[in-house]
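S.K.: Below is one structure. I have some questions about it.
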């Protein structure tokens, strides 16, 4: 059904509405690879392949997935439809499509879900945060993954500390000019 990105049974499914979304959704796969989280990646169009959508979402839990990351642009019905068909957490990634209302159509399509059909929504084109949220969700039952996430966040803080030192030493104008 999908490209098996890792050899172990996938814990996270990454799906997108079309191949053009891969420029954004590939970032989710990179983050999951960084954390050694088994995952799969495939295209599932809510509008062009609805039967595939029903099969993918309907079988996700029994196939061993724990989280689904769904990215789409335009009308962006994919995340909500998946959420309506699976008991698993669904993280929606609004993708700024080439024909879109500056991305607002996909953001609002994913955010404005009816009661009882939740979709956790990240920022426009931010599949990285979707994957990080998936890691945190998985980490609730996996202490090793929680440690990896804590280490990741410590590294983020260290980068900020390095930038603070650089601004203090070189001055903000010099740092800005080098960016």
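Every residue gets a Cβ built from N, Cα and C, even glycine.
Annotations in TrEMBL come from automatic prediction, not curation.
What TrEMBL records for 18, 21, 48 is substrate binding site. For 10-160, the entry in TrEMBL reads domain 'PurE'.
Where in this structure would I find these features, and how exposed are they?
M.R.: Around the Cβ of residue 18 (substrate binding site), a 10 Å sphere holds 18 further Cβ atoms from the protein chains shown. Look at residue 18 (substrate binding site): DSSP puts it in coil.
Summarising model confidence by region, the domain 'PurE' (10-160) averages a pLDDT of 96.
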S.K.: Apart from 18, 21, 48, which residues in this chain have a Cβ no more than 8 Å from the mean position of the Cβ atoms of those residues at the substrate site?
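M.R.: For the substrate site, the extra neighbours are 16, 17, 19, 20, 43, 45, 72.
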S.K.: If one looks at the chain holding residue 21 (substrate binding site), which residues at least 6 apart in sequence have a CB under 8 angstroms from its CB?
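M.R.: Set apart from residue 21 (substrate binding site) by at least 6 residues yet with Cβ under 8 Å, we have 43, 71, 72, 73, 95.
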